[in-house]
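One structure is given here, and the rest of the page talks about it.
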Amino acid sequence: MDLLHSWGVELAVYLQTRYGKYEGLFDLASTVADLHTTFFWLFPIWFHLRRDTALRLIWVAVIGDWLNLVLKWVLFGERPYWWVHETKFYGAGPAPSLQQFPITCETGPGSPSGHAMGAAGVWYVMVTALLSIAREKQCPPLLYRFLYIGLWMLMGLVELVVCISRVYMAAHFPHQVIAGIITGTLVAEVVSKEKWIYSASLKKYFLITLFLTSFAVGFYVLLKALDVDLLWTMEKAQKWCIRPEWVHLDSAPFASLLRNMGSLFGLGLGLHSPFYKTTKMRIMSAPLRIGCIVISVSLLHLLDGWTFSPENHMTFYALSFGKSAVALLIPTTLVPWALSKIYPVKTEGKNL
């Protein structure tokens, strides 16, 4: 593996040396590829345009990131920014010099790449949804073919930029981002075939949230009992990150787990709340849908500004869970219900 890692470091050095002027683009690509964008931007937009696609986005994102966590615990992937300092591969000679950035010092294992995996799953859902809409609208065959090729090429381009950005930032090795793309696409393909996710009961949301959380915690405890330290990466991040403030607890494995579980549970609460059942029976006009999107995104932006101290880990994790749940309640229930009260709309019903 050292040889493979050394090739990855050489590529990172090459990218940082030759393409430093694109640092802003790479930083943007990594930021947008984070699942935070899915929960706080893409979901509220898709939910008020095409509900089934929005639900699929959340399920793919949550299941994919949960699997990413488990795989990282199993694969023990290194990260370039600390590996280059600790490896004996370079012997007595000088190790390559890698630049670090504010988003470099993630605290979890590196394989597979969560950004590449999440972006692959989310884009797969959106591309297949757009192609499905084109088929429903009976798009002309030639136009559909151009659309088909164009959308998949766009997804490929986005994934390429995301992968390059993760290597450029010295956060991942090339093989880790490739593994992320493959795994994320497979998760999206499998989850997309499941029809029950569109009609899951609140009980099922609760049980799945409980199962995924319990499995991850149980797996952690089991490996801990076998004397496997799953938090080994935290020490490396704190040791080798050049700026202590760049090491964030919200990139730790359990922080990610609780955020995702909060999102899934919040989605279940939102879809089965009395407020949602009231608005679901109403015919939403285009202006009202746009209003829901704009207000939801605005409120989520305000919610995103709510941060809390990581000094007490249990409190931090609990608040992360609650914040993520509220982030899904806002676009699914609270905003549509409030707008329907302010601007009464027609209720669906059968013609007699």
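Placed from the backbone N, Cα and C atoms, the Cβ positions cover glycine too.
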Same membrane side for Lys203 and Ser320 per Swiss-Prot: no
Checking 21-24, 345-348, 349-352 against Swiss-Prot, the stretch recorded as motif 'Prevents secretion from ER' is 349-352
Secondary structure of the topological domain 'Lumenal' (227-256) by DSSP, residue by residue, totals 19 helix, 0 strand, 11 coil
With contact taken as 3 or more Cβ pairs under 8 angstroms (pairs 6 or more apart in sequence), are the transmembrane segment (142-162) and the transmembrane segment (28-48) in contact? yes
Whole-Å Cα distance, Arg79 (substrate binding site) to His172 (active site, nucleophile), is 5
Top of the recorded positions Arg79, His115, His172 by count of other CB atoms within 10 A is His172
Its residues classified by DSSP, the topological domain 'Cytoplasmic' (188-205) shows 12 helix, 0 strand, 6 coil
